[in-house]
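As recorded in TrEMBL:
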REGION    1-43  region 'Disordered'
COMPBIAS  1-23  compositional bias 'Polar residues'
DOMAIN    291-439  domain 'Nephrocystin 3-like N-terminal'
REPEAT    895-936  repeat 'WD'
REPEAT    937-978  repeat 'WD'
REPEAT    978-1018  repeat 'WD'
REPEAT    1256-1285  repeat 'WD'
REGION    1348-1367  region 'Disordered'
Amino acid sequence: MTSTRRPVSEHTPSGASNPTRTAQLVAPGNGPQLQDASGQETHRAHKRKLVHSIVSHLLLALQITQELSGSQPALQLATGALIVVLKAYEKCSSNTEAIEALRRQIERLNTMLKNVLPTDQERCPPALRNRLENFAKDLREIADDAREIQSQWLIVRLTKASEIEGKIEDSVKTISWLIQCLIVEGTIAVELAVHEMAEDTRQGFQNLYGRLDRVDEELDGVRQDISQLGTDAIPGLRYAPNARFDYARGGRSECDPETRREVLASLWSWLMPNDPRLETLPDSLFTVPQGYSMLWVKAMAGAGKTTVAQTVAEWCAEANILGASFFCGRDGARSDVLRIVQNIAQDLAAHSPDFREALCAAAKAKPHIQTAHVSQQLKSLVVEPLHKAKTRGSFPPNLVVLIDGLDECHDDEATSVILQALSLHIADLSPVRFIVTSRPAENITRGYRVLEDLKKVTFEFALDRIPAQIARRDIATYMRYRLAEIKRRRLEAGFTCDPQWPSPVDFESLVSLTDSLFIFAATAIRFIDDPGVSDPESQLASLLASTKGGKVLRSSTSPYWQLDALYLEALRTAFPSLSASLRSIVKLLLGTIAVVEEQLSPAGLEALLRLRPGTARGTLNRLQSIIYVPPVEEEPKPTRFLHLSFPDFITDPSRCDSPDFLVKPSLQHTVIALRCLEAMGSLKQNFCEIDWSNDHLLNTEIPGLSEKIAERFSPALSYACKYWSHHLCRAELGEDLLRALENFCHCHLLHWLEALSLLGCVDVALNALQSAQHYLKEHASPTTDIPALLNDCECMVRTFYPPINASFFQVYKSALVLSPKDSLVRRLHNEDVPRTVLVRVGDIKGWKYTVVLAPPGMVEALDFSPDGKSIATSTAGRGCMQIWDTQTAAELQVCHGDTSGFSVVSFSPTGREILSGSRDGTVRLWDVVSGACLGVWKRHSAQISTVAWSTDRTLAASGAEDGTIALWPLDSPDEVTVLDHGGKIWNVVFARDGSLLSASENGTCRIWDTLSLSTTRVLEHHSPIRAVAVSPDSRLVACGTGINGDILVWKSEDGRLLQVLSGGLPGIKVISLTFHADARLFAGYDIGCAQWDLATPAIVAALSAIPMSNRTVAFSPDGVLVAHTPGTDVAIEEWPAQSLQGTKRHTTRWKSAMTRFRQHFTEYRELAGPSVDARALTYDASISPSGHLIIVINEGRMQWMDALSGQYVRTIQDDDGRLRRVVCWSPSSGFFATGVDSWHAFHVWDASTGRCTRVLTGHSDMVSAVSLAHDGRGMVTASWDGTIRRFTWDWQIHSGDPNANMPDTSSEVMIHSSEVIFRCDGQIWAMAVSSDGKWIVSASKDNSLPDTSSAGLIAKPSKRPVKDGSGTYPTIRLHEASGRVIWIEHHWDIMTALGFSDDGMRIVAGNMHNQIFFYDISALIQTQTDVVVATTSFTATAQPPTPVVHERVLIHTSKLPLRQIAFSPDGRGIITDRTYNPLDPTLAAQSSPRGGENAVLPAARFIDDQGWLWRVEPYSKPRRLCWLPYTFRPVDNPWANTWSVRGDIIPYSTADRRLVVLDTSRC
């Protein structure tokens, strides 16, 4: 064993403070005045005296240590060395903290030595002897250092006093750590002997190899379970087979004959009132009305609820009415409340094909449903499929769902989430009926009391309140039957048995002991019939004797004293003589079964604990009266306690008074955590050895993956992956555990994430990593990089949760490659990088917390929950509100019912409710957990614009556009009070002192007294007030304006204006304000977010919006996160880690950014600090058609980049900053055109020389589309001025400096012509030119009805004209090259993207609402060609028939407006910037590319709404390449495409205006 000495970290124990750190944090002038010299000296003298006192007590404690360690020479030496260090500390240090911590550790050490150290050195376990020897060695080294310090000259010690004091204090901290390790590992070595067991395991490996065949057989059951899940289960849902009533390894039994008959009759008469079985049963104890749809069977532990439930489930299955069953447990999946609905849904699906079809669709449409709130799961997975099945008449009429032991599921809500969900949807669940059994736990009882909809359909039955004579009779019947069975079997086996056994007296005594607890009766029978003893008569005698006061006295605190006595007797009988080794094994096994989160089989326990094969079974078989041990042939079955009262008994020192069996949970957790970490050492990249050709598939799509997982993941390894952190955080930290954790973090963090993905439980990762970090922070330990690695991995999981959850390959293909280049985990796993996308340019430094939510439409309102873990969003026009997890972006809940549309949302101070306001003036109150609407209130006549809660949750307020404010008492909302502000209300907020503030369009902010309902003060402004906030002490009021972005800060007491925080420009709107506790004001603008320091005042941190202004902004209560709406998604980001310094400079930069944003809608900048190089902010990046050159437009310059090397080869200065983006390339790559800031003019550049050949002007409004001729001698442009213009020119270039600034309009070339070839009276939004230049298609919004009477039109519109919301007519036109229109089609929405097929015979168009339209214009073109031929040949021909242009509408799955659309290179699909849409085979065949199918064609690529980067190979299905996090996604600009792809190189500008160049050649 290696030495444990190493430097100790700076972590201080929980509750302790660090005086040095505190002193550093005190701001000059803010702390107490410095003491004078004499005062300081007096203080030091006092601390020295205190240190002397503590050391004196320590020396006395060490005398005890020496006495206790008399048998251990190594410990004697260590104690002597410790005394030397203490004396040095007494002389050199005045710090009491380290020495006080050491005092506590020595007291613990003495306790450990007293309790566990053998008196004879020979009896000391080798592991403990080694630990003592290393401990002594380390302390001697520390003592030698202390002696060296003390031996130095006095003058040296005086001049280096501070350094010497630090060294001595570090030595004492190191000693405390060494003692901690000795205590933990020494206790484990003696109590559990894990080191010796490990050695036994190593020696027994040969035996283990010989039994591999049996192990393989043991895994067959697991393989079959997973295989079943892979075929019958619903993809995307988690199923817990061990929760079914008929799970073969469950170990549950039904009621014995002639027992519980009255109870069963009562239940069955409700379920099957006409069943002949009732004729064989006695009269019912109670009658459940047939109108009730739920029965709650409640009782305390041990009353037999599960046995009754098992019997009812079996009877229902026989009658074919069992819809689903879920038997809850405290371990694993059965304890997960989120599994219940998923199991029920999949079981019900077996009864109806229509239900199953709808369920499959729901699971596919909602990939996060498995982690959503229970009510959302119930609605999506049961209620909606049930409605569909009932509508089609395919659902059985009398199904029963049984949930047993609901109290054993993990549920921290005040009211059971299952009951809340059932209450919300109980009316829609008919005809399904429910039986729920549980203890009368508080949250379950409350559910049946306060949930009115559930209460009125539920019948309650207390199983432990049935008449005492019936309960006693049933127990006596059960025991008489079982004892007779025992006697019969013994006689049949040839053993003798007293015919009168058991005697009537003994039998009555035994029945009396049960105290009506069936668990006692069952345990007693198993004890008597213990096959390991095979002497039932003596077992019964021993049991009766143990409860007569001779061995166990009745406890005054435990209601289970008889049961405790029974358990202790069973343990003592099983192990009458315990050797040290056997004692350790027994405690280790019992303790492990007691604390594990999922039960394991005997082989699983042996594998996890590294025990010799057969150890667990051989030991536990002696306790079959308490523990279920599966037979060898059923080995995959888990070992488990037969009742949950036993683990409570052996872990409670007030109930178990035997040190031989009392389990200390923290030691068990320590050993299990260590073994989990060691087990995960076998993990590696691609653990299941899946062929890398499948790396584009999701886990659910990989053939045979389920079988591979079952083969590679043993139960012990699966357990380790899921629960190592759980045990670590409950363990006692020592050197062995710390070393194992270091090895895991350095070598296997990524492999662990892969394993979680394969096991389908990535959701445990964040909690595991956060808990482990918190644990290490709270426990003093040596300096280590473990916390940094865990934090780095946590950031990785946060950022890449969606792809990791979906595909284990993406741990390496996305998370590893796209992590910051300084990521610790990335550095450790560089060799694990597979074939994937390479980042040529644009790697990021440092993690940026960004979670992206993807609601189904434009978000109008946001609000964080009080704990910041959830966020509510309302979506325009969708009539729903969604609640999301802010860490994983998983949808937790959806609230429906507001048909007019939600306009605002607000969490209550408790986070349990949400207020919403609607467009129709309605206020609704919602329950967060269930999604139920708790109230609907109406007092406003116009749209609700704001809602708020009082801090004590007694009042709610709503403000509307009609100028009214409603005050709603939460206890009696009918007693509402309506206040009239006098203008449109934008914002209301409560102050902590109870007053209400309202902000209005009329420029006033009113402060209301909510008791007198009067205005106490009016704050007047010259512009509308959009937002208002109150400081935590209610002294300051901030009002944000909607005209110039100014924020005015007032003193609420006297209405005095204190300061104005200038927004800088007209038109900027303040849309959100929040005070933070540290005198900072958080402001949300329509163009970004800022933190104002009110003391300066200045902006100290800022985030800007993408080129689409924020509609709403929310700040997390802890001040860490910002949620805003830059585009269609919601971005949740952290404020910049480094606050911006330099007040004047930063404020200037902020105003400058706002100025440019308002002037140019494509401007975006994240103000991360004054050190940012503005020229590094990229507006656009475009790659040439040849794929060799990338043009990058930064602020102030345009650069040529070699696409292969990533090196810049030319720079053109743009001192005026007018260039914005590359609008098009010539097909030959020789020329490209760029747009300038006004978007009315363009520059044409020679790509090879860098010369500007021409500046083109002529349009009077923004140019919406540009197409450059193949030879670079012409350009066709379309504009919002309603024109299509053709430019042609001679591109002969005069000599000049290629690096000179851009020429003006009088430069080197001469235009041949510039002509308008088409004009309409509206705006042209999109245009495309065919590859041969013969045809032009345009999309416009015409102000007047388009003229369709022209003789030149070859084909007429097939639809009638429709006005859109802006009063214009959306229109598509097909033009000849001359601009003449030959076809018009009307539409109801404007087209934003157009494209031609390669042969020019088909057109594809996309509109603002994401519809794609396919047009076959071949007949039209042929007709026009025939007309032209006839005209030019002067041949008289018959009038050709009017051609028909067929339209096909294709489905587009993106929610974003289409910006780019084209036919795929092979002509078989439509590629947009967000999707690939395969064409119908007939259309695809018609659209085959030039050259036929043998032509060499490029691949196409796109990024979907979820962030997946796809590659579409010709004649192949699309393949996922990787998932791009928010920081790697192209800027979401709805007006301009920023996505450029040629060959394998993809350059673009990201949301934070960073240039990224991706290389997909290795994919």
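All residue numbers here begin at 1 and follow the chain in the order shown.
In case you wondered, yes, glycine gets a Cβ from its N, Cα and C as well.
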Beyond the flanks of the repeat 'WD' (978-1018) by 6 or more, those residues with Cβ under 8 Å of it:
939, 945-952, 955, 957-967, 1024-1030, 1032-1034, 1037, 1039-1040, 1042, 1050, 1052, 1055
Secondary structure tally of the repeat 'WD' (937-978) (DSSP, helix then strand then coil):
3 helix, 22 strand, 17 coil
Summarise the repeat 'WD' (895-936) as counts of helix, strand and coil residues per DSSP.
0 helix, 24 strand, 18 coil
Provide the three-state DSSP residue tally for the domain 'Nephrocystin 3-like N-terminal' (291-439): helix first, then strand, then coil.
81 helix, 24 strand, 44 coil
Averaging the per-residue pLDDT over the repeat 'WD' (937-978), what integer do you get?
93
Take the repeat 'WD' (1256-1285) and count its residues per DSSP category (helix H/G/I, strand E/B, coil), listing them in that order.
0 helix, 16 strand, 14 coil
Helix-strand-coil residue split for the region 'Disordered' (1348-1367), DSSP-based:
0 helix, 1 strand, 19 coil
